[in-house]
Amino acid sequence: MAFNLRNRSFVKELDFTPQELMFLITLAADLKAAKYAGTEQPQLSGKNIALIFEKTSTRTRCAFEVAAHDQGAHVTYLDPSGSQIGHKESIKDTARVLGRMFDAIEYRGASQATVEELAEYAGVPVWNGLTDEWHPTQMLADFLTIMEHTDKPLREVTLAYMGDARNNLGNSLTVTGAMLGIDVRMVAPRELWPDEERVAAPARAIAETTGARVTFTDDIAEGLAGADFIYTDVWVSMGEPSEVWDERIRQLLPYQVNAEALKATGNPDVKFLHCLPAFHDLGTEVAREIHARTGLTALEVTDEVFESPASIVFDQAENRMHTIKALMVATLGR
């Protein structure tokens, strides 16, 4: 079935129906195959796209820039040091200015209200590259990766997320898992579960219509049993003060994804997902600082798991580009 998503914004997962999300994922798979085969046809020639980054990025920025280039579009990168956005010019005014100059706008920053205001006033498609509440473009990449690494239909897939489940990734996985009909489990301390009113209750309501199973548990054995995929994220998100590290380590060290966690699934074919960057070794300044204070050589995932055959994190990272390209083509293409 074809869908017309032209001129639609994507600021949170619920902007689209489950069928529309699956259309985007399928389109991404087709665009990926075309890129590999050398048969990709540009559909965004002459388009101009603004990339607003109030938060730093490697994967998201590169994914948008390469996807746009592949499709013939031009991008303009705007960061806080190079624009007046939110400082000397309101978001509403910025949206109306950029909407006159650009064909679409990507926003990555703290405030969900900001990306929603951009979408309300710009008059062109606006895409959420990440906010503190939601990470919708990551979900497209995650579920393309899941579909590439299982022979099961999604309704038979079990995904267990370990760690801080109240962050943007936990929110998005809970809702998207419900929308796409999987068995999605948030395995985390109770104080780090997603917000009941904003995330958990809507996800349960969606699950009643899609056949999904949505579980919140602090019981690691229960949460991991039979899982096809284990997913984790950093324990301290961008924008949080560094002082919270010690408390978060105390809360989440039992929820580290390690060899024992993989074994607890009882599934020899279990796969590991992470949206990256990951603190799996001492290769970063932050990790070395934490090691000096705590003696830990890894945080949310051990190096053993990260570098194991179970790890599909770099397939997942690549798929950011293919799925973002699908979003751009579907909402902006000719």
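Numbering starts at 1 and runs along the chain as it is shown here.
Here the Cβ of each residue, glycine as well, is placed from N, Cα and C on the backbone.
Same-site candidate for carbamoyl phosphate binding, as annotated by Swiss-Prot with SER57, THR58, ARG59, THR60, GLN84, HIS135, PRO136, THR137, GLN138, CYS275, LEU276, ARG320, chosen from ARG108, ARG155, ARG293: ARG108. ASN168 (L-ornithine binding site) is surrounded by 21 other CB atoms, counting those within 10 A of its CB over all protein chains shown. Summary: among the binding-site residues (SER57, GLN84, THR137, SER237), the fewest other C-beta atoms within 10 A of the C-beta are counted at GLN84. Among the binding-site residues ARG59, GLN84, CYS275, ARG320, the ones whose Cα sits within 10 Å of the Cα of ASP233 (L-ornithine binding site) are CYS275.
The binding-site residues under consideration are ARG59, ARG320. Their Cβ neighbour counts within 10 Å are lowest for ARG59. Of all Cα pairs drawn from SER57, THR58, ARG59, THR60, GLN84, ARG108, HIS135, PRO136, THR137, GLN138, CYS275, LEU276, ARG320, which the record names as binding carbamoyl phosphate, the longest spans 30 Å. Measuring Cα to Cα from ASN168 (L-ornithine binding site), the binding-site residues that fall within 10 Å are HIS135, out of ARG59, HIS135, CYS275, ARG320.
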